[in-house]
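Read the structure below first, then the notes.
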Ligand code: ADP
Ligand code: ASP
Ligand code: MG
């Protein structure tokens, strides 16, 4: 007998018909003799719809009230799944974030899980009841509803798996594993049977939304075994224990397997960043700090940064990227501080995409970046900013060229599946 946490994403939960299929998968897992807890997302599109209501109500919305609104999507699906399981004759109940409780900090809209008191959950699972937990939500020290940032149900699932000491955390989604790039963009993408935590972490952080970044870092820290697999399977499909999804593994496990290591593991695209340029800033110590200090205090993550020094004029332009969702707040903050920072003009552009290539093979191979720049140049794709880490190279380009860039790079690094 194993203890398994199963997580189902938005597409899998979209409507009562699909929830019935999910309930069937959960029931079979329990009938195989396992203790199960299920973490669910809101129905596909529901969180976007709720976020839009918040924007319409107040563009500079209070994140605490935003959380009250957007957490509701998962409340609906958790109740519906519990009802559907009961209709199939299973014992099941829902556990809202505050009921478990899933304790988080008070950083509304991007809260971090601090601890989960799993005692009651474990007792419920041991009694044969299926615990259904809404993903994405928690409770702050002040007792208010929090959410974990977009895609946060993955993190809820891993955190619950760590708390109940699960043998495995199965992430069911609408693709049957992690691919060399988004299989919806590149039909020739290849499924990876194994990916290391480190590679998955980097892929997720640069936009492979198949797993939320925090879920991977948490799994790495807590040594949770994650498997990514499809919920779009029929009743006769083999059990999850033998389904060929993607297993996230340690470096040692990968080395012990017979999978050949590629130079590049995968390519990711992220259209959720926006570019901000402040022109003609005084080229003096402290100027840059006066921009990024307030952004950091407002919890706005800055990703790529470029500073162009115009030596003769003693002025410089600074370009950086922030999450699209934070752009309005960032602009308001910088506008307020226009005189203190001393810039001439603020130019914001949302139509950009960050394309990244990731692979631990890069550590020992030169030329990965130059292959990227050459392949993009050959197609006339202009690079607006570059950033690198030990196992990743990212470039910022026009968002309209995203699909083309990903395809071109997939071919350039010889990742295309044989036709
Ligand atoms: P869920 O609603 O189940 O959480 P998501 O939409 O968050 O699902 O994540 C699954 C999606 O991630 C897939 O439909 C796919 O389009 C996308 N994706 C992006 N990069 C990859 C990748 N490298 N491998 C597989 N899927 C990817
Ligand atoms: N429903 C939330 C979102 O769409 C959380 C999730 O699905 O993981 O971001
Ligand atoms: Mg997701």
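Glycine is treated like the rest: Cβ placed from N, Cα and C.
The 10 Å shell around the Cβ of residue 179 (ATP binding site) contains 25 further Cβ atoms across the protein chains shown. Secondary structure at residue 179 (ATP binding site), as computed by DSSP, is strand. According to TrEMBL, the ATP binding site annotation covers 7, 8, 9, 10, 173, 174, 179, 184, 209, 210.
Within the same chain, residues at least six positions away from residue 74 (substrate binding site) with a Cβ under 8 Å of its Cβ are 40, 41, 42, 134, 135, 136, 137, 153. What TrEMBL lists as substrate binding site is 47, 74.
Summarising the annotation, TrEMBL assigns domain 'ACT' to 276-360.
With the fewest other Cβ atoms inside 10 Å of its Cβ, the least crowded of the binding-site residues 7, 209 in this structure is 209. Listed in sequence order, 8, 9, 11, 12, 210, 228, 229, 230, 231 are the same-chain residues at least 6 apart in sequence whose CB falls under 8 Å from the CB of residue 173 (ATP binding site). Checked against ligand 2, the binding-site residues 7, 47, 173, 179, 209 give 47 as the ones with a Cβ under 6 Å from it, listed in sequence order.
With a cut-off of 6 Å between Cβ and the nearest atom of ligand 3, the binding-site residues 7, 9, 47, 74, 179 reduce to 9.
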